[in-house]
């Protein structure tokens, strides 16, 4: 049929598994611009007219015809076509005609990615014509020419058939054209030359036509890291495995900030080159079905991997070497699987235990520098039962798909299945190899569910040379392939295929979109283990919290409850139980303010001293004799012990002429504060007679005043006959208090308080304490 002719143009005749060079047949018939010059004086338009007449005679062949056809892929829904030698200058006196057909009832949309045809003769000899229909009944849509012509508007046909005619005469410049087409409902059609710079949105979806694997284009990057912004979108989509070169398809693009470096890799017959810093990059949104299926991770067990034969031999050191099927695990150290025989009937088979969705395959060679073996081309077969096998083909193509393999012994090469394979068994059949058949494999895909199941590939019946009839059937009962144990004799190098001179270096291809699929047991363990860990952790936390709460409750019940204590009084009592700071015994004498003490009677003072221990003299606890350090009556320095503030023991306003703390006297001789002398022997309420006591430090030559118990406190008189006063006395007083009124032998102010006033003062003093 004529609809298959474009595929013949896109795929030249080739050997087993050899990659096709686009439009090789058309290029072979191309006359050079300089090899066949026109005779002098003859009309230069005579040759194109003869070629046009030849095309009319060959119309029944369909597809593309002529010597002016360039890169061409005409698919059932979309395609791409270029003039010969594009993007370089097309030759003189060439002609090409393309016949495009889509499904009946559909219309065709044509869009130009580049148009550069010389118009020096006003489209007389150099032009491009588009017709509705095919054959003699076709009608012209338009005739186009011009250098750098911007054809932003697409051209639409009236029916499902279109003819495109390119004609060139004598010209000096012009690249020709590149055009893409699709059915009319693909409104977001783009051409194979579009890049992200043609779009302003950070995310968008477009339709790529078939045939965007351009021989002259270049991409940089890989999936999933991203592609450089200069890369053509559709060609990068073929490399990533999201669209097919034969079918085209929809792509979803996400633009992000660029990176300083872009990796190189080989995938789907597209080699991406190393790229450097760019302003932006783009990635593809995919279904996520690109995880590894278990060859590398070990989810696929050794008995599930079989082969037609295995290479086993004993080397000159007597060591046995076995390159069996289970060694064909990608990225596993050690030797690969290698076939004992070297023919096209060898295979490596993988059993997935159940049907899965297989979207790709990654292969590598022997990975051993001393054994440079690899498979350069192979077929892929699939089966549901391991008995009836189907060779993978692309939709609409009546030939087996030959996948490009490795070009060296250590680089990974990825190939994607578009559409994906739904099967349990996968078999790899090498058709070309270097020296020996040796490879490591990993399958890409995901779990398959019956909901939304894709139809299986059902290519047309094969002829008599079907691989199914010539390939050994696997022994599923034993689960192992036959082994050959005889010693391998070295073969001469002239019997081996010649290694290609040109090699393409590709880095490791990483497909990390989806985690590897696992079996039911592994999936069950992956669910149960986290649940058990969380349950045990919760139980331990509950026990720890209960133990902590119980201990805290016990401590709370045993603690002292002091809600009614006054904070200042409680702290003063606690200070007596704490060791005092060691201070120098020879402190500077201080003046002690007795303005408030003068208002207290002997009974009141005795009560206060019984309720609150002395501030400056610490009693001995439990009758133990010890040395108590002296307390200082100086005003504490600011900033020192900021967290502690000692309350005023009298807690009453002071007269303005005095300080809140005792201040040192500016005298040379030693002075001491007036002692507080108590005579408890005559107190009516006292049950035990107490001698007179003093809480102040004695002179330096006297024994320490606080050695022993409270029964040995010192006292002294208020006599001041010497030239220097030994105790501080108030100045400016008019009269002194009588001994009958006060027990303390201290100076008093001129104004005496009445008995009622003193009682009120003492009540306020007790309330503050």
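For all residues, glycine too, the Cβ spot is worked out from N, Cα and C.
Annotation comment: Swiss-Prot describes 64-523 as topological domain 'Extracellular'. Mean pLDDT, taken over the topological domain 'Extracellular' (64-523), works out to 85 on the 0 to 100 scale.
Summarising the annotation, Swiss-Prot assigns disulfide bond to 69-96 (among others) and lists similarity to another entry as the type of evidence. When secondary structure is read from DSSP and collapsed to three states, residue 96 (disulfide bond) falls in the strand class.
Sequence annotations record features per position, and here Swiss-Prot assigns domain 'CUB' to 69-184.
Residues or ranges marked as N-linked glycosylation site in Swiss-Prot (evidence: sequence analysis): 92 (among others).
As annotated by Swiss-Prot, disulfide bond applies to 123-145 (among others), with the evidence given as similarity to another entry. The secondary structure of residue 145 (disulfide bond), as reduced to three states from DSSP, is coil rather than helix or strand. In the structure as shown, the Cβ atom of residue 145 (disulfide bond) sits within 10 Å of 23 other Cβ atoms.
The N-linked glycosylation site feature in Swiss-Prot is assigned to 152 (among others). Non-local contacts of residue 152 (N-linked glycosylation site) by the CB criterion (under 8 A, 6+ apart in sequence, same chain) are absent.
The domain 'LCCL' annotation in Swiss-Prot covers 184-282, and the record cites sequence analysis as its basis.
According to Swiss-Prot, the feature disulfide bond maps to 212-234 (among others), an assignment based on similarity to another entry. In the three-state DSSP classification, residue 212 (disulfide bond) falls within coil.
Per Swiss-Prot, the feature N-linked glycosylation site maps to 269 (among others); the stated evidence is sequence analysis. Look at residue 269 (N-linked glycosylation site): DSSP puts it in coil. Around the Cβ of residue 269 (N-linked glycosylation site), the number of neighbouring Cβ atoms within 10 Å comes to 16.
Taken from Swiss-Prot, the feature domain 'F5/8 type C' applies to 289-446.
Look at Swiss-Prot and you will find 289-446 (among others) tagged as disulfide bond. In the three-state DSSP scheme, residue 446 (disulfide bond) is classed as strand.
Taken from Swiss-Prot, the feature compositional bias 'Polar residues' covers 463-472 (among others).
The N-linked glycosylation site annotation in Swiss-Prot covers 469 (among others).
Positions annotated as compositional bias 'Polar residues' by Swiss-Prot: 501-512 (among others).
The annotation N-linked glycosylation site is assigned in Swiss-Prot to 511 (among others) on the grounds of sequence analysis.
For 545-769, the entry in Swiss-Prot reads topological domain 'Cytoplasmic', with the evidence type sequence analysis.
The separation of residue 69 (disulfide bond) from residue 123 (disulfide bond), Cα to Cα, is 19 Å. Cα to Cα, residue 145 (disulfide bond) and residue 289 (disulfide bond) are separated by 46 Å. Each residue contributes its Cα atom, and for residue 92 (N-linked glycosylation site) and residue 69 (disulfide bond) these two points are 13 Å apart. Around residue 96 (disulfide bond), taking its Cβ as the centre, 28 other Cβ atoms fall within 10 Å, counting all chains.
For residue 289 (disulfide bond), the Cβ neighbour count at a 10 Å cut-off comes to 19, with all displayed protein chains included.
Under the three-state DSSP scheme, residue 289 (disulfide bond) falls in the coil class. Shown are the disulfide-bonded residues 123, 446; of these, the residue with the fewest other Cβ atoms within 10 Å is 123. Between the disulfide-bonded residues 69, 212, the minimum number of other C-beta atoms within 10 Å of a residue's C-beta occurs at 69. Within 10 Å of the C-beta atom of residue 234 (disulfide bond) sit 32 other C-beta atoms, taking all shown protein chains into account. Neighbours of residue 446 (disulfide bond) among the recorded positions 69, 96, 212, 234, 269, defined as a Cα within 10 Å of its Cα, are absent: none qualifies.
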